[in-house]
Each structure stands twice: as structure tokens, then as C-alpha cells.
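Comments concern the structure below.
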Amino acid sequence: MHKEEHEVAVLGPPPSTILPRSTVINIHSETSVPDHVVWSLFNTLFLNWCCLGFIAFAYSVKSRDRKMVGDVTGAQAYASTAKCLNIWALILGILMTIGFILLLVFGSVTVYHIMLQIIQEKRGY
């Protein structure tokens, strides 16, 4: 009878003792660039004197687009312009709204006094 021989290869220590290699991935944190879209939308809807709110809204959208593309410098430039326009829109909007209300009140009081004088003259006082 013929015997077959089987060879067993020795592979070394078990794989659990081999240390795995580590890979380091550097993820750059995005610089937070506020685009002021909500503030611009508020100024557009409620304080849009001289169309500054609408222009600020356009710059805010451009800032958001630049941020989505990855152009942080361009996004910051558009955001800075939008912020400046929003400040001016807010200041002018508040001042012109107060001025309009004062003009309306004083105009109404003046018309009331003129009408009162006309009524008194017709009655013969």
C-alpha cells in the first residue's frame, strides 16, 4: 500500500497579534460665513425703502452660492457687503417709517384744524 503524505505549511503567529496600520485623514473645518439671508429677507419684505433690502438679499444669495462652491473668500466679501446693506436698510427703514408716521400724524392734525376752522366760519362763530 502506498501512503500519501500531506504537507502542512507553517504560516506564523495568528493574525490577531499583527498591529493594523492607521490612516489619518485631515478634515478641514469649514469657516463659518454668515450669509445674512434671513435678515435680508426681513428687510426686503418690511423695510425696503430705496430697494436696499432687495439688493442686500441679492448679495446674500451670492454669498450662499460662493459658500456652496467652496470659495470662502468670495463668500466673505459678498456677506460683508450684504451686512453693510442690511445695516443701512434697517437704519433708513426705521428712520423713514418714523418720519412717514410723524408726517401722517401732523398732516392729519393740520387737516383736522383746517376743517374745524371752515366749519366754524360757516356757522358764523
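Backbone N, Cα and C atoms are what each Cβ position is placed from, and that goes for glycine too.
If you check Swiss-Prot, you get these features:
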INTRAMEM  37-57  intramembrane segment
LIPID     CYS50  S-palmitoyl cysteine
LIPID     CYS51  S-palmitoyl cysteine
LIPID     CYS84  S-palmitoyl cysteine
MOD_RES   SER16  phosphoserine
TOPO_DOM  108-125  topological domain 'Extracellular'
TRANSMEM  87-107  transmembrane segment
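Projection of Swiss-Prot feature records onto the structure.
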| residue | record | Cβ within 10 Å |
| --- | --- | --- |
| CYS50 | S-palmitoyl cysteine | 13 |
| CYS51 | S-palmitoyl cysteine | 12 |
| CYS84 | S-palmitoyl cysteine | 14 |
Average pLDDT across the topological domain 'Extracellular' (108-125), rounded to a whole number: 90
Chain residues in Cβ proximity to the transmembrane segment (87-107) (below 8 Å; excluding those fewer than six residues from its ends, i.e. six or more beyond): 43, 46-50, 52-53, 56
Between CYS84 (S-palmitoyl cysteine) and CYS51 (S-palmitoyl cysteine): CA-CA distance (Å): 14
Whole-number Å value for how far CYS50 (S-palmitoyl cysteine) lies from CYS84 (S-palmitoyl cysteine) (Cα to Cα): 15
